[in-house]
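Taken from Swiss-Prot as is:
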{"type": "SIGNAL", "residues": "1-16", "note": "signal peptide"}
{"type": "TOPO_DOM", "residues": "17-524", "note": "topological domain 'Extracellular'"}
{"type": "CARBOHYD", "residues": "N29", "note": "N-linked glycosylation site"}
{"type": "CARBOHYD", "residues": "N45", "note": "N-linked glycosylation site"}
{"type": "DISULFID", "residues": "C59-C287", "note": "disulfide bond"}
{"type": "DISULFID", "residues": "C71-C83", "note": "disulfide bond"}
{"type": "DISULFID", "residues": "C104-C147", "note": "disulfide bond"}
{"type": "CARBOHYD", "residues": "N252", "note": "N-linked glycosylation site"}
{"type": "DISULFID", "residues": "C291-C315", "note": "disulfide bond"}
{"type": "CARBOHYD", "residues": "N422", "note": "N-linked glycosylation site"}
{"type": "DISULFID", "residues": "C484-C488", "note": "disulfide bond"}
{"type": "CARBOHYD", "residues": "N494", "note": "N-linked glycosylation site"}
{"type": "TRANSMEM", "residues": "525-545", "note": "transmembrane segment"}
{"type": "TOPO_DOM", "residues": "546-561", "note": "topological domain 'Cytoplasmic'"}
{"type": "LIPID", "residues": "C557", "note": "S-palmitoyl cysteine"}
{"type": "LIPID", "residues": "C560", "note": "S-palmitoyl cysteine"}
Amino acid sequence: MYKVVVIIALLGAVRGLDKICLGHHAVANGTIVKTLTNVQEEVTNATETVESTSLNRLCMKGRSYKDLGNCHPIGMLIGTPACDLHLTGTWDTLIERKNAIAYCYPGTTINEGALRQKIMESGGISKTSTGFAYGSSINSAGTTKACMRNGGDSFYAEVKWLVSKDKGQNFPQTTNTYRNTDTAEHLIIWGIHHPSSTQEKNDLYGTQSLSISVGSSTYQNNFVPVVRARPQVNGQSGRIDFHWTLVQPGDNITFSHNGGRIAPSRVSKLVGRGLGIQSEASIDNGCESKCFWRGGSINTKLPFQNLSPRTVGQCPKYVNKKSLMLATGMRNVPEIMQGRGLFGAIAGFIENGWEGMVDGWYGFRHQNAQGTGQAADYKSTQAAIDQITGKLNRLIEKTNTEFESIESEFSEIEHQIGNVINWTKDSITDIWTYQAELLVAMENQHTIDMADSEMLNLYERVRKQLRQNAEEDGKGCFEIYHTCDDSCMESIRNNTYDHSQYREEALLNRLNINSVKLSSGYKDIILWFSFGASCFVLLAAVMGLVFFCLKNGNMQCTICI
């Protein structure tokens, strides 16, 4: 009986060892992120990398902008009446509106999209006269009711409609040459008039067959006006097709024709670089922005956005994803609430995280004769935070490097195979989205691995300090074989623990405890032996009581056969 009491007392001594545990921060509800190895990894903290909101206005503070209003960019070159206030000028931001007017007399511009893009990317337009002169039999001031100006018939301001001076007279063969004496390329635009009927053609240019030829060192083309009836637009059944080319410095361009030509009055020089915005958003001179789209301004520091693939300025890359969460915390292991027994409230990082530790990523919990305590480890926490800080900026840098390479490759493809813009843009978006997902997943994997590594480094630091003075329990804790008060615990935390100071006490306690430790097999035998002995003692006591009662006549036993 005494042996059993001693064993129980010594086992209680084992359980009563001072204890220090290492753990990491945890939260009740973490955030799910994607890593290279797990698409549903829960972390303590994460930040969104995809911007989904914008300001519904154009922030123009600090910008020299030109709002074209009803004027279409093409109208700036040909001189549409709606563009009379925008024929020249400089800007850093050009704003195009949805219902802008490009043409008064109905028509179109060949390769209009490319020309419009050149204008929208420019930082201004200056004009130079072509110096073309015409004979006395040519009227260079043709007008139309479709292009009203100051209440009267007019025409495009930057080109001249050349017609016969006398109605029905054959237009004379005419040749004009423009030489670019500038050091920059000039953009020259001209038109071909397609009459609505033979009568109109004869009245304007005579009965002869019409032909226009245009040539420079880089451009050659011949045009024949097409006479046919067309639906009326602005009261006109005729059409004007505008053509354009770039004249290099020192080059000449020659026009030769006998009617049907809309001649340039001035050539344009696109100067500088600027932003071109297509938007119906109102202008706000009180806010700043570096990125714009049709819905307004995107003011964000995030590397990605899912608002539109068509943005201008210094913008986040478009990805076809609602969300890409970037881990800024460690793997989350919610705390398992345990009973408050002797060690019920203390468990290390191997078992679970600690939700109560809000002042650090890593820390300690201890229990000794003075009670329990908890403290963060600022060194390991700071080491982890230093690697997290700037992660978003590093992601942006990686994004820009990867995406600029992709964009360059696709720009070259566009240049080589022509008008495949929509196809290439869709392909770029798909690749950007894949690259974005991969980059974020890689960063998340690195963050989690790094956080785990810092936890293990801290654990190893404590293990090396304690040496044989403590034993690991397999749950992220150390059971200490000597008395360790609060100052002792503090020395372990701040890495100043003196192993030799407690060596003798720890060794003695270890020997005393180990001498009574039993293997699991012997423990089972003792338990069964104890159970059997208890049953035997109980049975003996009962039988003794029965015999005592029978002897004293207090109990009778009758046996019937």
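Each Cβ is built from the backbone N, Cα and C atoms, and glycine gets one as well.
This view paints the features noted in Swiss-Prot onto the structure.
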residue : record                      : Cβ neighbours (10 Å)
N29     : N-linked glycosylation site : 8
N45     : N-linked glycosylation site : 19
C71     : disulfide bond              : 23
C104    : disulfide bond              : 25
N252    : N-linked glycosylation site : 13
C287    : disulfide bond              : 14
C291    : disulfide bond              : 21
C315    : disulfide bond              : 20
C484    : disulfide bond              : 29
N494    : N-linked glycosylation site : 12
Margin query: Cα-Cα, whole number of Å: C315 (disulfide bond) versus C59 (disulfide bond)?
Written below: 14
Notebook entry, point to check: Which disulfide-bonded residues from the set C59, C104, C488 come within 10 angstroms of C291 (disulfide bond), judged by C-alpha positions?
Noted result: C59
Next item on the list: Using Cβ-Cβ distances, find the residues under 8 Å from C488 (disulfide bond) that belong to the same chain and are at least 6 apart in sequence, listing them in sequence order.
Entry: N368, Y497, Y502
Notebook entry, point to check: What is the total of other Cβ atoms whose distance to the Cβ of C83 (disulfide bond) is within 10 Å?
Noted result: 25
Check: Of all the disulfide-bonded residues given, namely C71, C104, C287, C484, which is spatially nearest to N45 (N-linked glycosylation site) at the Cα level?
Finding: C287
Notebook entry, point to check: At the Cα level, what's the spacing in Å between C484 (disulfide bond) and C59 (disulfide bond), rounded?
Noted result: 64
Note to self: If I take every residue in the topological domain 'Cytoplasmic' (546-561) and average their pLDDT values, what number comes out?
What the structure shows: 62
Note to self: Can you tell me whether DSSP puts C59 (disulfide bond) in helix, strand or coil?
What the structure shows: strand
Margin query: What's the number of neighbouring CB atoms sitting within 10 A of the CB on C147 (disulfide bond)?
Written below: 22
